[in-house]
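Below you'll find the structure, written out as structure tokens, and then a few comments.
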Amino acid sequence: MPAGHGQTAMTREQQPPRFTLNCWADAAMASTATTARPTVAFAHLGCEKNRVDTEHMLGLLAQAGYGVSADEADAQVVVVNTCSFIQDARAESVRTLVDLAEQGKQIVIAGCLAQHFQEELLESLPEARAIVGTGDYQHIVEVLEQVEAGERVNRVSQVPTFVADENLPRYRTTSEAVAYLKVAEGCDYRCAFCIIPKLRGDQRSRPIESIVAEAQQLAAQGVKELILISQITTNYGLDLYGKPQLAELLRALGEVEIPWIRVHYAYPTGLTPEVLAAYREVPNVLPYLDLPLQHSHPEVLRAMNRPWQEGVNGQLLQRIREQLPDAVLRTTFIVGYPGETEEQFEHLLEFVQEQRFDHVGVFCFSPEDGTPAADLPNAVPAEVAEARRGRLMEAQQAISAERNGAWVGRIVDVLVEQENPSSGELIGRCLRFAPDVDGEVRIRAGSHGAAASAGTMVPVRITAADIYDLEGEVVGAQEMVDAVRHS
């Protein structure tokens with residue numbers, strides 16, 4: 001179930017994939033390995049916040065002399081960083097664990113599933129040599145040393161309190177030009193459907209100075225897009241400074257030489273005039289707002305324990321569009337919440353049609369044990385929830401096609417990320433697309449020979465659009481000048 005502070009979803013929905021190490025990170029880690037240590041592979045499942053935890057574990061193990069392989073077949077030990085956010089995510093995590101167990105691998109279970117089930121996991125899976133909680137991954141080297149000594153290890157703090165900083169080793173698994181930066185951990189909100197606070201603990205923010213220091217490290221590595229993440233990014237700093245400090249953080253990051261800064265997981269009430277002013281005034285902060293709204297109807301929002309959102313949605317969106325006319329808006333919704341009536345769903349459908357978001361993800365309600373919503377009466381039948389999801393997605397697809405189509409003819413900066421070696425076609429993203437959850441831009445060489453390569457940021461004229469993606473061609477200086485003169 002997508003909490004406002006949980007995973008984002010995309011118009012073209014997908015589960016976050018298990019990654020393999022990219023070649024530049026893999027090579028860097030291989031150079032640190034020694035033959036005295038076993039080789040370790042990672043299977044990563046879950047959101048980008050989980051990804052950052054995995055990257056820290058990779059960095060710690062490489063620093064300690066472990067060989068880290070992108071191929072599970074080459075490894076004696078596989079660390080599985082699991083997700084337990086919704087039932088489908090748990091099922092995928094368990095399938096991965098069972099598959100690896102059947103291959104005879106020694107398994108270390110990390111992440112949200114370990115935090116959720118703890119000792120029960122060790123009892124259920126004899127091949128599991130250790131479990132590591134969401135607040136304990138910084139001890140991964142010590143855990144593996146205990147496993148090497150023949151121990152079975154339970155390293156799960158009952159209440160997670162750890163938050164990493166710029167001094168904890170890290171090897172990124174994203175492309176060289178893109179990095180996630182976790183500004184806080186945990187969540188103080190208690191949405192009725194969400195288990196994340198139980199898995200991640202209460203909010204704990206990093207100091208602004210720590211975040212800026214890590215951003216500078218990433219800039220030195222060639223990062224061109226920095227994505228700020230936490231459970232509720234607009235609440236950043238509340239626990240540390242006594243009030244939210246996102247606007248101050250954005251202004252500080254504006255001094256770092258990274259072309260794009262993107263913010264994920266913004267709560268509606270946190271988009272204050274000060275925050276919107278920072279979006280508007282800091283040149284490298286993208287006008288991209290990720291707002292997990294979850295529903296529009298006041299009664300459903302009250303049942304979700306989000307009563308503060310009533311009356312905010314429409315007013316907020318109007319204010320955003322007034323202050324940020326080029327804003328790109330993405331959101332997620334839950335359909336089939338217990339007690340959701342047809343009238344309440346129609347309210348949501350009309351809201352989506354009226355607000356015309358750029359990107360929308362829709363999830364059917366999934367009851368999570370240990371949350372208040374799991375005990376609510378008047379469950380909506382699964383087939384009804386699926387039908388509502390289909391109707392909402394169908395309505396949004398037409399809107400997405402229209403919103404993408406409005407970009408045809410524009411010249412925009414595109415961060416090139418991939419190249420098809422056989423066709424030469426390049427794949428990248430402009431500011432309206434976040435990695436993994438939104439669409440992409442398919443790029444051709446320009447008519448005057450202007451070209452690009454992976455890892456660069458180039459001007460592209462958008463020539464075509466569909467529901468999900470854009471197409472375009474690289475333009476040269478003369479074409480950019482001509483475009484300005486004729487605008």
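Numbers run from 1 along the shown chain.
Placed from the backbone N, Cα and C atoms, the Cβ positions cover glycine too.
Annotated in Swiss-Prot:
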BINDING   CYS47, CYS83, CYS112  [4Fe-4S] cluster 1 binding site
BINDING   CYS187, CYS191, CYS194  [4Fe-4S] cluster 2 binding site
DOMAIN    38-149  domain 'MTTase N-terminal'
DOMAIN    173-402  domain 'Radical SAM core'
DOMAIN    405-476  domain 'TRAM'
Number of helical, extended and coil residues in the domain 'TRAM' (405-476), per DSSP: 1 helix, 31 strand, 40 coil
Between CYS112 ([4Fe-4S] cluster 1 binding site) and CYS194 ([4Fe-4S] cluster 2 binding site), the C-alpha gap once rounded to whole angstrom: 13
Per-state residue totals over the domain 'MTTase N-terminal' (38-149) - DSSP helix, strand, coil: 59 helix, 26 strand, 27 coil
Other CB atoms, at most 10 A from the CB of CYS187 ([4Fe-4S] cluster 2 binding site): 25
